[in-house]
Every structure is written in structure tokens, then in C-alpha cells.
């Protein structure tokens, strides 16, 4: 999206249970 970095973090948190 417009902020791929933020989306990447979002994906990571969803997958890894919010670090």
C-alpha cells in the first residue's frame, strides 16, 4: 500500500502474535 513498511509490520504482528 502507500506505506509498505507499516503494512509489513502489521503482517508480522498478526503472524507472530504482536512482538
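Our numbering is plain: 1 for the first residue shown, then up by one each step along the chain.
Even glycines carry a Cβ here, placed using N, Cα and C.
DSSP classifies residue 7 (divalent metal cation binding site) as helix under the three-state reduction. In the structure as shown, the Cβ atom of residue 7 (divalent metal cation binding site) sits within 10 Å of 11 other Cβ atoms. What Swiss-Prot records for 7, 11 is divalent metal cation binding site.
If you look up Swiss-Prot, you'll see 4 (among others) marked as 4-carboxyglutamate, on the strength of experimental evidence. Residue 4 (4-carboxyglutamate) has a Cβ environment of 8 other Cβ atoms inside 10 Å.
Swiss-Prot lists 7 (among others) with the feature 4-carboxyglutamate.
As annotated by Swiss-Prot, 4-carboxyglutamate applies to 11 (among others), with the evidence given as experimental evidence. Around the Cβ of residue 11 (divalent metal cation binding site), the same chain contributes no residue under 8 angstroms that is 6 or more positions distant in sequence.
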